[in-house]
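Participant: Pasting in a structure now, in C-alpha cells, and then I'll have a few things to ask.
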Amino acid sequence: MRFTTVAFALIVFIVVFSIFVANLANLIGIDKQLSNRLDAASNDGEQRQPKQLKLDDQHNHLMWFLQVSDIHISMYLDPARVPQLIEFCNRTVDIIAPSVVLASGDLTDAKTSNFLGSQQHEQEWRWYHEVLRDTNVLNKTVWLDIRGNHDNFNVPALQTRQDLFTNYSAQGRHHTRSYMHQVAAGGERYTFIAVDACLDPGPKRPFNFVGMLSRNETQHLINLAERSRELNTNYTIWFGHYPTSCILTPGLGTGGIRNLIGRYREAYAYLAGHFHTLGGAVPRMYTLQEEGFLELELGDWMRNRRYRLAAFDHGLFSFVDIHHNQWPVVLVTNPKDALFNIPGKEDLQSIVDSTHIRLLIFSPAKVVECQVKIDGASWQDCQRISHQLFVVPWEPKRYKRGLHKLLVYVLDADGRSRVVEQRFTLDGSRLQFDFLAKLVLMYDTNKVFQTFFSVALIIYLVPLCVFRIWHTLVRKGTVARPRLRTLCCGGWIRKMWILSTVDRLMFPIVGYCLYLTCGPWSIGEVIDGHMGVVFVWGIFVNNAFLPGTLTYLYGFFQLMLCQLPLTIIFANNVVRRFYRRSGEKNYGWTMALWKNSAFILIMTVEVLLAAIFWNSYGLLAFIITPLRAWSIVLNVILWYQSRYIPEKCLRSASAVWSSSEPKLSSLAN
C-alpha cells in the first residue's frame, strides 16, 4: 500500500478549488442570468405593473431624498463630527430640500475611553438629539433613523435604561424596532421600510457585529410590506444598518432577507451602512441582487463624511454618493447610469421614448452654467425648469445601440464647478459591478466565517491525525515508512510526524482544538449585570440565545495566527531534542531570547488579547476563559514540555525514524 502526502493534498486541493471556482463563476455570471430571468419572467398577479410615464421637461413624477450612515458621534474621537453634522442639517438639507433623510445606524460610537470596551454614553445621545433639535431639521424634512450595532452595544433589552435610542432618536419614541413611512410626492406614493436587525439582547464588543431578524420581527416586516402595498405604494426603498449578507434570518430559510425584499415588485433598492468601504478596499460597494433589487452600501460619515442623494424620476431610480461640502451636487436622472439599471422593474423603453435629458443640480450659489454632451458631440446648454431641475432636448434613437458616455459640466456663481461622467445604454447592455463588492454583498457573511473556522480546523487537525494513524500503521508493519525525497517537504513531514507520536503534546493540542469547537469559551458579563456563556456556535445571555457569527472568525484567527504557529514551534523543539538528545548546548540569555523570539511574540499577542477580553467582559470572564487565559497557561506548559521532552517519550518516533537515519541539520535548527 503506497500512500503519499502529495497525492492526498492534491485531491483535497482539487475538490476545494473546484467548489471555489464554481461559486465564483456563479457570482460573476449572476448579472446576465438575473437580467435574462427577470426580463422573461411573468410577474405575480398581485404585483402591479408601473404605469408608463413620459420623461419630458416637466417638474413632476419626481422625488429625491438623502441618506447618511455611521455617524459615530463620540465623546473621545474626532470632535468635528458633531459640528459638521450640524452643518449638514443646516446647510445641506436646506439646499437640497429632500423629502426624507435616512440615518441608517451607528448614530453614536459607544466605546469606552480606552477604545477597547463598549458602553452606551448618554452624552453622545444628547449631542445627537441636540443636533436634530437645534437645527430644526425635523421640521424641514422627515428624519428616519434606525439603530446600528454600536447603538446596541451593551443593551440588555429594548426600552431599558441602556436603550438610549428610544429617548434620544427621531423615531425611537414612535417605533420599537422596524417601521414604515410613506411619502406622497410628484404624483406617486413612496414607502420607506426601516429594517432593525440589531441583536436582542445586544452584547458588548467584539461579538456584536452581525444582525439577526427573529421570527416575530420577520413577520412584522412582512406585515409592513403588505400594508405598504395596501396603501397603493408605487415605489419602496428598504433600508437598515446591516447589509443583507450580514443579517441572520432563522424564520426565512434560504435567501433570507433578500428573498423577502425580492417578493415585492415595488422594492427597488436596499440601502445600508456598517461595512463602510472596508478600509478603502471597496469604495463603490454596490450590486444587483439575484432577487432583482439594488443593494447599495454607503461610505461612513465618521471618517469619510459621505452622504447619498437618491431620486425617483418617472419610475427611474438614480443616486450619487457625495463628500460633505462638495458642491455643486449633480444627479443625472435621465438617461440613468447603465450600471444601476434594474431589469424587470425599470423599462428602458421609457428612456428611448423620452424627450429630454434630466438633471438635478444643487448648490449654495446660483448655477450660472450647465452644459451636457454625449460621446463626441458638441456641448449643449441646459434649460432650468425649476430651482433644482435642468433639462436639455435630445434624440435618444441616435443612441439605441451599445454604451454611450454622457458628460455634464456645471458652474455656480461662486466659481465652483463639477464635471460628471455617466455611461448609459438603451438596448440593455450591462456593466459589471466590482467583483469585491459583489463578493461582500452577495455572500452570506456568517457562512463565510463558518467556512474559515472549518478550514482552520482541518488545516490544524487533519495533518496531525493523519501522521498519528500513519505512524501506527508503519509500526504495525501494515505500510512502509515514506521516503522523503525533498528536503523542504520531507523536513516538515518528519517534524509533524514526530510531534504526533508524543502523547503528552499530541493529546493536549488536539483536545484544545476540539474544545474550541464544542466547549464554552468564556463565562462572564457579556452585558453589564448579565452573565453569559460564549461558545463558538453562539452566546447564551439574558435568557436568550444569539447564534454564533463573529465568534467563528475569532476562532479562525485563534487557530491560524496563534495555535498553528505554536504547534510548529513545538514540533521544532521536539525534533531538536530528537536529534540532540545526548545533550543540549547552553546558550546565553541573548541567544536564548533570540531562539525563542517567535514563541515570545505569539505569547505577547495572546496576553494582549486576554487583557482586551478582561477589559470587555470583566475579571470573571478573564479567569474562566479557556479560549484566552487558559490557552496561555496551556501553551507555556506545552512549550516547556517540547523543549525538555524526556527521551522515553521519543521512543515511538525512534522506532520509525531511527538514529541510523541520516541526520538532517535543517531539522535540528
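Cβ atoms here come from the backbone N, Cα and C positions, even for glycine.
Note that TrEMBL annotation is computational and uncurated.
Take a look at what TrEMBL says about it:
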- 63-277: domain 'Calcineurin-like phosphoesterase' (DOMAIN)
- 325-426: domain 'TMEM62 Ig-like' (DOMAIN)
- 452-578: domain 'TMEM62 C-terminal' (DOMAIN)
- 6-28: transmembrane segment (TRANSMEM)
- 448-470: transmembrane segment (TRANSMEM)
- 505-523: transmembrane segment (TRANSMEM)
- 552-575: transmembrane segment (TRANSMEM)
- 596-614: transmembrane segment (TRANSMEM)
- 620-640: transmembrane segment (TRANSMEM)
Participant: For the domain 'TMEM62 Ig-like' (325-426), what's the mean pLDDT in this predicted model?
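Facilitator: Across the residues of the domain 'TMEM62 Ig-like' (325-426) the model's pLDDT averages 95 on the 0 to 100 scale.
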Participant: Out of 448-470, 505-523, 596-614, 620-640, which stretch touches the transmembrane segment (552-575) the most, going by CB pairs under 8 Å?
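Facilitator: Answer, by Cβ pair count: 448-470.
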Participant: Would you mind splitting the domain 'TMEM62 C-terminal' (452-578) into helix, strand and coil residue counts from DSSP?
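Facilitator: DSSP classes over the domain 'TMEM62 C-terminal' (452-578) add up to 84 helix, 20 strand, 23 coil.
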Participant: In the domain 'TMEM62 Ig-like' (325-426), how many residues does DSSP put in helix, strand and coil?
Facilitator: 12 helix, 49 strand, 41 coil
